[in-house]
């Protein structure tokens, strides 16, 4: 075969592909395929040959290269490879451009760890320019390892034409995107309560804050607040005691009933919600002194718990307020409000004109001088001191420790706090309806994502804080006038150069922070605000920025937007998927993508998160070098991951793909090669696989292949990978365990008969088409098979299977009736083998008779065309077909309890008995009409289960579609033949173990008891044909051969190569 490495054509002749145990090495074969692809530029050729064809647009979400690719990346990468490969083979041009997320917390966090200090400290010590240089130096620390791993997986993606979010041209497009939002008045500066990482000293987005919850233990205190004009306390409960120094009000529900109770051991009565008395005072006696609704309590003043913000406070401060956000699921029904630390707290206080005090903590989460007693203490560590001081003052009613779920920073894995921070926001809440409507246009796989996780998130979307007080990122293009207070948003590098009169080559902070400008007829100087973008904004702008839109590729982008397909993990419903949709809605009022596959989360086999410390997983590269990338891909594609389900990753599951799929597939190829080489067979051209053959199994296996093509194509068009892999497995089972096994004798024929030629043509066609079908899923084994088969045909073929068109079903080859017939045949064989097993009769022992049973004569006639195969597979002397099924099989009706239980209630047991007592005639009536009335109740076929079972004293089996009766009586002649068949099987194994070539003729010398010898002589021709023996004799000297143990006797045998 021209232009094809020899080592890809004859696997069994290449010792490099052998494992230590002599078995075929899929790993070595994959490395040779990788070399073949690289040597001939197959990926590049696939792009070149489709250039100019209709485009299929794929967006690849950018990962950070500060860590190594893990199993989750491999799951997403497999999906990202399968769909583009399929679409390319369908004739589309599919650009696959890799991208890198180069800014943000992951990068800065690595530098902070390297310096051993916070970013603020590092910038103060070394300067911003050096800090950013350090960040730049590590952004692609593991990029080469990523390239190696992703390539080893078999994924085709363009690493050389990648996009990186740190490039000035990319950052410029991000500026343009933001300016469009600015001009639409979609951006504002606000001071809201936001998730905040004290470890990283930065705001987090809502989707980041919701991605890493942990079960933790925290203090919970019920604190007493002393009312001003009433000799009583009011009790409030909190799990964040550190927020109490910033308390400005208390909140009650307007419609809840509150009671004032006198409690033993307290000098003053205590107000709390009536519903919470039992939980708060479970072990204390209480006397109710007064009652009031929350709205009636509103306006009462109380003494400030701490003095820090009591001076010059507005009138409403330190009063009882009413709002419906208060709940009774825990606590006292009274919520303490610290507007610096709670979203509802802030909202309610602003509604009541309570001026917000400054947030009394610094960037590291330590109290500032405003909270003098705890200044410098980290808030979480201050809990103990605050609780201690309140106890000394007699203001702690109850102190306990609770377990609850709490958010942690996804980068530093430290607790998040909520605090007010001045931030720039996008008005996402104003576009919720549009986002939800856009989401309806997207094909989500799995479908429940659309209305579920993604839909719910969009319907409740908050305004997006897109600014970060950080150093390494795309700077916000906002300049602030130091006199007028106005803001100006810059949209391009050119605009900045025009405004400042400076040449700008880089847009990072250390290059532009000092650039100022003035506008005509306006006082003051414009200086840039300090914040940078949330890196999620940068990745969400990827569709535009990767093309440097609109500064370049304008027409190209607009023709290719939105994307046809994207894929990422389930966590991206609140990450990249979300940011893509928000920005796309702002810019173009439409979704950013049409189809999306969401993969689930990969867990370790023990159910825990994969951890280097726990060593509970095998690194991806090691896994692929042990089992191969194809096996890994199949395992991932055949798992719940492609349905967004969580999956425990099992190495043994990958190994099972080798055993269940790749080995049988390779054995098919090797079987074909072995006999095609012996016969020096070449595929005739042109070659219609069915026109010349009248062999029923030839026609069947080709029809099954065409049906498979339809199934796969339909599932792939719907992006349902979960519906693709199993039909492929099932076809391989049909090919190996049915077609080849039943047709071996045709390849053993001595002359090249027409039937033998048809057998070769059929198998060559099926293996070639199957390899092409499998190419997107198992690119290595598909290539290996394609190259191995190419030498058997003379006509021109593409250089690689991945340069072929994806196979389309040929309606002329389809025969659904034949497929149904063979399915019945397979059912009969399966039932017969199980029945033999139940009867404890070995399959090699022939039976005298089998009867195929069905009430429909047409069904029996249909199965009759497989009569010879049925008889051989069941190993019976005679095969009868009978419509007298009722003589062997009886019908029984059983109630469907899950369906009828609610409807029948207490009558269920009675009707279950009536249904079980139905006669065969009544059951047949139900089957024909579809319904039946019993004692006033009508039952349909959906309400019952109809079971077919053998009548008492009859040996018969049924699967509900067809029945079989075996005659189990064994004669001495049948037993003798079974013994010879058993011996033949053992001789074949001995022949293989002795190292004889498949074409070697042998001489058999035996030593056996006279009765056994007579049985062998009676079937000598059969034994010699099956073992390729030229001669057989019975004069072996005792002890000079190999002893074979049979079920009824032993035989000593010597095999020698015939001369």
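Using the three backbone atoms N, Cα and C, a Cβ is placed for every residue, glycine included.
Quantities reported herein were computed from a predicted structural model and do not represent experimental measurements.
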Of 594-598, 599-603, 604-608, 609-613, which span is tagged motif ''KMSKS' region' by TrEMBL?
609-613
If you average the pLDDT over the domain 'Methionyl/Valyl/Leucyl/Isoleucyl-tRNA synthetase anticodon-binding' (698-849), what number do you get?
93
Same chain only, sequence gap of 6 or more: which residues have a CB within under 8 Å of the CB of residue 612 (ATP binding site)?
none
DSSP-assigned states of the motif ''HIGH' region' (63-73) in counts, ordered helix, strand, coil
3 helix, 1 strand, 7 coil
In DSSP terms, the motif ''KMSKS' region' (609-613) comprises 0 helix, 0 strand, 5 coil
